[in-house]
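**Q** First, the structure itself, so that you have it in front of you.
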Amino acid sequence: MDFLEPFHIQIVGVAVALVAIVAAAVYFSFKKSKKGCLDPENFKQFKLVKKTQISHNVAKFRFELPTPTSVLGLPIGQHISCRGKDSLGDEVIKPYTPTTLDSDLGHFELVIKMYPQGRMSHHFREMRVGDYLAVKGPKACANRRAILSFQGRFKYQPGQVRAFGMLAGGSGITPMFQVARAILENPKDKTKVHLIYANVTHEDILLKEELDGLAANYPDRFKIYYVLNQPPELWNGGVGFVSKEMIQAHCPAPAADIRILRCGPPPMNKAMAAHLDALEYSPEMQFQF
């Protein structure tokens, strides 16, 4: 039977080669499937597969990607442009930040606060499961006070800074939540996150369950301080508007290895910029979404 040994070796060799080829094909196919679905120049259509009403004017929208393993491909802290029609039928385009990451395969989600007179709010309010949303991206929000190291666009690498301070108001929480999730869910990233989140009433707080979950799961790395302009009777958070004293108490002190991010309504952004300047945070330490 010795004459069969070379033949046996050949078969084994061919089998090993075939396994290697198949493995390589699967690997490169997987890599290819990980290519993002976004196009920065052209709008693409994504199907709404689930709409969850969170409150009277807030809903979570889940959109399907082409395959169960597809990723959106949006860089952390950046935005997509969504196109729709207002109540008069006119086209409107507005930037939004998904609350999902590329670790969430096959779909992306938007948490939208729908304002009575909001033009894009009308489009989302009228959307039904099965409808399609036109999306392109990534789109970086305009940043009038660009951090030099980020070159006017938020680009994050694990361990880039020792700590982030975050100042968010209303729906400005969405980019903060996305960045915080990316940091905290990366076991190799030791960056700490200190978030101050301001709203008018308790009912206005977006993603509260998810934010409290981050605080519970990462108590040494994520701290959140809620501020309400009209708090309920039993309330142990901040009251009124975000002040310099709150920033001093709940955000990292000025240093070369920290950054303060802010995103909220224009009046809040302006007030926070003034507070940070007064507290001697240099322009390089600040970034506005």
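Glycine too: its Cβ is placed from the backbone N, Cα and C atoms.
Features from TrEMBL:
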- 6-28: transmembrane segment (TRANSMEM)
- 41-145: domain 'FAD-binding FR-type' (DOMAIN)
- PRO95, TYR96, VAL111, LYS113, MET120, SER121, THR174: FAD binding site (BINDING)
**Q** So around the FAD site, PRO95, TYR96, VAL111, LYS113, MET120, SER121, THR174 aside, which residues have their CB within 8 A of the centroid of those CB atoms?
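**A** Filtered neighbour residues, in order: CYS82, LYS94, THR97, LEU110, ILE112, PHE124, SER171.
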**Q** DSSP says what for the domain 'FAD-binding FR-type' (41-145): how many helix, strand, coil residues?
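**A** In the domain 'FAD-binding FR-type' (41-145), the DSSP-based counts are 8 helix, 47 strand, 50 coil.
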**Q** Over the domain 'FAD-binding FR-type' (41-145), what is the model's mean pLDDT?
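**A** Overall, the domain 'FAD-binding FR-type' (41-145) comes to a mean pLDDT of 92.
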